[in-house]
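Here is the structure we will look at, set down as structure tokens.
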Protein chains: 2
Amino acid sequence: MAKDKRTAFFISDGTGLTVEAIGHSLLAQFQDQHLEQVTLPYIDSASKVQQALQRIEKAASESGLQPIIITSIVSDQIRQQLHQSPALMLDIFENYLTPLASLFNRDPAQSVNISRGIADSHRYNDRIQAVHFAMDNDDGRRTSGFEQADVVLLGVSRSGKTPTCLYLALQFGLRAANYPITEEDMDSTNLPRILLPYRRKLFGLTIDPTRLVQIRQERRANSRYASKEQCDFEVRQVEQMLRRAQVPFLDATQLSVEELATRLMSQAGIERRID
Amino acid sequence: MAKDKRTAFFISDGTGLTVEAIGHSLLAQFQDQHLEQVTLPYIDSASKVQQALQRIEKAASESGLQPIIITSIVSDQIRQQLHQSPALMLDIFENYLTPLASLFNRDPAQSVNISRGIADSHRYNDRIQAVHFAMDNDDGRRTSGFEQADVVLLGVSRSGKTPTCLYLALQFGLRAANYPITEEDMDSTNLPRILLPYRRKLFGLTIDPTRLVQIRQERRANSRYASKEQCDFEVRQVEQMLRRAQVPFLDATQLSVEELATRLMSQAGIERRID
């Protein structure tokens, strides 16, 4: 814990991923604040809350600044214990379970880790199969799997196809293949013939050539592959190819993998396979 | 929208992933309720809110049940428009930005998509490199990359290594390699010699053999690979190997990929590389 730096704690009885996401998006609205951000997952017993409380008090006394807690603990008892801390408490469950309970006219289950993971083996299988599908159909090593694909991503090397495909698989259970447009494909601005049978599944990624140079430089510094001319040429050719064949596409330059995946789905009208 | 089925809408001006995660964890506390769950991402203009409102009103009138909205819209104006709906409104930003604003003594930025993605090219590079690292160091095809790994996952085929490595890369920017323990490695319960230099990076996954049979059956039905005897044998050998070498491990049977990744990190004391 740094001096004069306020700490925000994201505290969960599970993975912590949800409160962390909430915390990031709330705190992003106050960018001028220099905050230490600490996730404490699996806080699911009295002794673990006790340890967390000590850590929070330490942060408060060392910095002289009131810490922030964003929490989604399900158990009333553990939550009450956490509320003893001197921090500003943003308690997701406390604020939202009450209105839901009165709408449904029943008490919340108060059980951690209900749903998901546990025995939800259908969801697990779909995900795992989608991940292996993405791995097996990456970088155009083969196109035989394209028949089973929900989407086939096209773009120049390092335009973000692989992470997007993997994210689509992990988060949404989608079967996403990808095909890199290589120099051989760029002799013309026609779609590579091998892709024609999958025309309706195609989705393009493009990228600002200057950004592409940066990314490729990190991979192969000072190579022709990473040169400005080459990146300019490839991006221009691929954009023409996509426009000409009327393949929908996104510019990946300013987008995170999450944004690419979700925008692609809404633009192409692709529905998730898992919740 | 099904009749007699209440609809929960997760509405965001961004990807919708955060409100969706909050929604899932809140609604998981009321498992007996049959709910239609609909995510509406990128609701960032008056006309898009209008469309969303129509959809919500339709759900209300068709089912005769008050819909639920869980939302994290940043703009005051768009949020107020959404508040005209007849739904039960759980508004993350409204409830939490106010206390944060008074703690920080300034107004929230009210800008969508601040941080992340946009120009956060360091984070993007780290992630993309971690993803390619996981792809290149999957399934023990080569061990030369293990030197650079943050963690090397061990386990039998289809114990969940690959999705866990990819998740560690995408979510936390960690360089996660994996090594499948194959039959050749099972002649003894010693660690494969090739792994000895990376001993301190090793982390094991095990799995209930009955569950493993199910997963392998989906891959190669009625094969020796998917047989009960074979799965029993492999799991037993690998667990002995992990115990003997004192490699920490987790049982993947009941855990989601998110849980495997986060538990592994806390058990092995591995810190994330990206926020």
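In case you wondered, yes, glycine gets a Cβ from its N, Cα and C as well.
Over in TrEMBL, the protein carries these features:
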- B:Gly155, B:Val156, B:Ser157, B:Arg158, B:Ser159, B:Gly160, B:Lys161, B:Thr162: ADP binding site (BINDING)
Environment of B:Gly155, B:Val156, B:Ser157, B:Arg158, B:Ser159, B:Gly160, B:Lys161, B:Thr162, the listed ADP site - residues of the same chain whose CB lies within 8 A of the CB centroid: B:Asn178, B:Pro180, B:Leu205, B:Ile207, B:Ala252
Chain A contacts among the binding-site residues B:Val156, B:Ser157, B:Ser159, B:Gly160 (Cβ under 8 Å): B:Gly160
Position of peak Cβ density within 10 Å, selected from the binding-site residues B:Arg158, B:Lys161: B:Lys161
Residue among the binding-site residues B:Ser157, B:Ser159, B:Thr162 whose Cβ has the most other Cβ atoms within 10 Å: B:Ser159
Count of other CB atoms lying within 10 Å of the CB belonging to B:Gly160 (ADP binding site): 27
